[in-house]
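Working notes, beginning with the structure itself.
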């Protein structure tokens, strides 16, 4: 049996909860509050106690509405016969008549209501007129107060404002009282309203009771079935249970087959939603019941109705568009819930550092919440968007029983990986390649002459000053085999170029003049070759000269670690004369022999990789780079990344200036098609397509820029004073333009090494190519001069330089550039002065002149005293004052100087405390040349 609470009974009866609680206590029930629950039978008993007794059923209640209606229509006489009839008739037939009378709806007197509304409207119009008149009077009062002004006017305004507010409040209170009376009157006239809340509560209580009753019955059935099954299992043997289970399974299969053959009739779904209840009729005369009084204008009411209708239409449209509100869907059966599929775990998991929990869950087909729970059990607090390190991911995979492997990400912008990867070359495709030989040595020891002899050309005569300015790469054929030669400059400024030549070479030919012997650049070349473990072949040149001494050269080289094979070393020595082509064949045979011992191999089938030998900017071709192919084959139209630049090989020429389409291993070629000129010594690599090459080149340029920005020097305690001292130095700003990148580097390094105390060189800009207008503009803005090395300014740049007074210095020999720069730096130094004493004098007499000062009469005892010299006043061996002369006279004449043994008078500027026997020392400051 279901139970009811007292407040539910009160709602059903339309009574207050207090009355129901009191009545329950009167009936002897043990209840404490309106929340107490009672059985349904007790609830019915409480409800019956509120109903009237059966005997006095017929009362004046049914006649009450008639009486009230008669009062409205002013007909009160017919009420008496009705009562008399009711009293005269017996009790049984009276009851149905009273029920019929109570069920009749009350009739409304619409005419009286219309008259009442018209009367109210007339009163409101009258009140509005009065309000308008009051507002007009207030405006006139304000105007008068403005004219009057002063404190009296202000007090009058305050009094009137107070009176107006009081009148307004009285009027509002009066209108509120009238509205309350009208509402009471209408409520008496209106039909009784239906209590929808009470009905809804009763319906809900009935549904709850029914649900509780059915639930209790189902629970009892379940308990009974459970007990019966338990008793049956106790009595039966296991074998019997299995037999019964098998029979039940067969019956279930048969039933399932029948169900599949005969489709089940689907009953229409019952709409359990509560139907929308109709709203009660609302009295339309209450819309203007506001404290501010009268209705608004008809125009405003129409606009409000329009907005309200628009909102209602929008709400209805949205309601129609909502899924599930369609009437056609109400009778459809709900779709069955599909079970989640079970996914097997993978056997392997490839991960990267920084993977999030959500990414891991997606890869292993598990929910992120499950992984978060596992991590929590492992002691790791994480969310599904949190990144995990490699160690945590591996521990998580161990928990799942999955083998974890870290994914190796390949950096597409890393060119160096092609040079170190073991799997890049195919071992089966390796073939013999030509050796790359670098010719190194001191200045003017005959390197270029030797290379010229090898190529049977006169390259050396075209070199300015007799020295090689940049690397040349050439290829010759000896006994059917190719040899690639690299010529490096021997001047001290080209150290970086020699280092690059040694890094890409297979064999080094060290040229040493037999008459000069070992020189500084010779030692440097030996160190470069040993640093990269390159075998050295010593070519002792100029043996045709009278002062040649090859044995001395061999001994000097032995002191620096280069031992001849005849002395038990590993270096080959060949005595040659490059000028007269003596023993050149023997030198080439030695080169091929050493190359054969080294077993030089290359794979021509892979994409080409190599090193930049030189780079320059050509006005017609753009960026031109000389490349040495080390592995693979370079073709025209190959997408290529060179250092921090990229492009496509547009054209390719060999060392003879002829166009070629293919360049194999150990072949030097010049290419065009790059977006910028690369740096000498950069590596290059051919990519699969132009898109990947562009991405790699842009990424490398971006990284180089970031690295350059981060390379700012930080001031530490050790270099703080050096930094402060450097701020006081004078600076010579220079812009360098050269024909090739190697010359630019050599010039920059040489100029920055110039040591002149108090002056430093600042390289504002350095680049490859001709001097153009932008260089001149930059020089003018930075107060710099331009140094051109083997380049010339354009006509427009020359005109602009003359107009802007920018100095351009052109050179073809690096010695001249360095000497000229040293002179310019010394010329910027402040002159140094040295003090020189020119004479001494002794004060013999002093004269004080008013408004003039103290005049000292003196005699020169040594040298002279000049008018423009500085003087010191020395008293008892101590310098009292150091200053300048204000005047110098010999008797009454102004003179420029007073010589030894003569007398004169002097005045010292700013000093009047001259005394007898003071020594006046005259001196001048002379400039000293640096």
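Including glycine, each Cβ sits where the backbone N, Cα and C put it.
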Looking at 441-448, 449-456, 457-464, which one does Swiss-Prot call region 'G1'?
-> 441-448
Would you please say which range out of 483-486, 487-490, 491-494 has the annotation region 'G3' in Swiss-Prot?
-> 487-490
Provide the three-state secondary structure of residue 444 (GTP binding site) computed with DSSP.
-> coil
Would you identify the secondary structure of residue 543 (GTP binding site) according to DSSP, in three states?
-> coil
CB contacts for residue 444 (GTP binding site) [other CB atoms within 10 A, all chains] | 17
Cβ atoms near residue 441 (GTP binding site) (within 10 Å, other residues, all chains) = 26
